[in-house]
Amino acid sequence: MRYTGYPDARRNLYSSCPMNSRSSAIFTALAAAALFGAATPLAKALLGSMSPFLVAGLFYLGSGIGLGIGIIVRRLRTSTTESTRHGISRAELPWLLGAIAAGGVAGPALLMLGLSGTPAATSSLLLNLEGVLTAVIAWVVFRENVDVQVFLGMVAIVAGGVMLSWQPAGAGIPGGALLIVAACLCWAIDNNLTRKVSTNDAMVIACLKGLIAGPVNLAIAFATGASLPAAGMVGAAMTTGLAGYGVSLVLFVIALRHLGTARTGAYFSVAPLFGVALSLVIWPELPHLSFWIAAASMALGIWLHVRERHEHQHTHERLAHTHRHRHDEHHQHEHDFAYAGDEPHTHPHVHLPITHSHAHFPDVHHRHSH
């Protein structure tokens with residue numbers, strides 16, 4: 001295929017992560033962290049009147065229904081061409097179903113069980129382990145590249161979480177905390193499996209997870225004797241789920257697509273800080289010195305990640321896939337349909353082999369070996 005008709009291509013290197021696109025992807029990851037982190041103390045408040053499985057089920061059901069409505073509205077508001085989006089392929093289904101089982105069923109159930117016996121602030125801070133475990137799996141199992149600066153940034157973020165969740169000698173490790181750690185492992189597996197389907201519509205991925213995980217958790221809740229609370233509580237739980245589990249996941253998948261699993265997980269690791277901040281608002285108390293030290297440590301970690309510049313000569317192998325894109329340096333192709341020049345758009349396309357050098361992240365086009 002040859003590339004014709006797009007004079008601005010060299011100035012629009014979206015896949016090469018110029019500063020504006022890179023900043024946008026980082027902001028997206030941090031926004032996902034903020035929404036998810038804020039949901040933790042709210043879940044703690046709801047657990048006083050609901051079973052853990054019921055809260056998890058309502059969270060995900062609210063996420064699935066809310067995003068489903070959003071998808072319908074989006075489709076009605078866009079043209080036929082723009083609203084056409086590729087479906088998840090059969091080869092990708094095992095990855096998606098595995099992600100839903102680990103992150104949509106096991107993870108939230110373990111979290112809710114852990115929250116019922118763990119202080120809200122401690123619970124929020126333990127959740128930083130999700131980013132750590134996500135990065136470890138990405139580096140060890142999926143061989144995603146990691147630079148020293150990125151590793152040090154992750155260490156700084158984790159150190160912040162440890163400072164805030166550390167208990168005095170002899171206090172031991174509460175059983176609830178172990179359940180939260182197990183939930184983090186499930187979500188770390190979920191994040192790495194979701195990377196395999198991240199080129200698909202992020203809203204559809206998050207919606208499917210909600211519509212499957214929600215009823216499963218609700219079925220478990222009802223089977224163990226739970227009953228629905230007042231309509232107001234149900235609405236509050238579903239609304240919290242839409243923001244903290246639905247919109248947050250949509251943003252996470254978008255960031256995953258452009259930053260890679262480990263780096264997205266690292267930014268997402270600051271979610272506990274947002275959770276602690278909200279818990280201090282809900283249950284007012286003067287923050288300890290450790291809170292500010294931990295916040296500074298996490299800020300240092302984010303700074304180390306933001307200033308990363310990974311650049312070297314690399315080769316793109318031939319790749320055929322479908323995703324929403326602009327015609328940048330990595331998308332120089334012709335179209336087998338009537339194309340009016342609208343961008344971004346979605347259609348199957350082929351990347352021909354190319355060797356070049358530029359700054360990049362391990363996104364969907366840069367998963368090469370080093």
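FYI, residue positions are counted from 1 along the chain as it appears here.
Any Cβ shown, glycine's included, is placed from N, Cα and C.
Annotations in TrEMBL come from automatic prediction, not curation.
Predicted, not measured: the structure shown is a model, and the values here were computed from it.
If you check TrEMBL, you get these features:
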| type | residues | note |
| --- | --- | --- |
| DOMAIN | 24-165 | domain 'EamA' |
| TRANSMEM | 53-73 | transmembrane segment |
| TRANSMEM | 93-115 | transmembrane segment |
| TRANSMEM | 121-141 | transmembrane segment |
| TRANSMEM | 148-166 | transmembrane segment |
| TRANSMEM | 172-190 | transmembrane segment |
| DOMAIN | 176-304 | domain 'EamA' |
| TRANSMEM | 202-224 | transmembrane segment |
| TRANSMEM | 230-254 | transmembrane segment |
| TRANSMEM | 266-283 | transmembrane segment |
| TRANSMEM | 289-306 | transmembrane segment |
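Residue counts for the domain 'EamA' (176-304) under DSSP (helix as H, G, I; strand as E, B; rest coil) come to 109 helix, 0 strand, 20 coil. The average pLDDT the prediction assigns to the domain 'EamA' (176-304) is 86. When DSSP labels each residue, the domain 'EamA' (24-165) comes out as 116 helix, 0 strand, 26 coil, counted as helix, strand and coil in that order. Of the two recorded stretches, the transmembrane segment (266-283) lies close to the transmembrane segment (148-166), with three or more CB pairs under 8 Å once pairs fewer than 6 apart in sequence are set aside.
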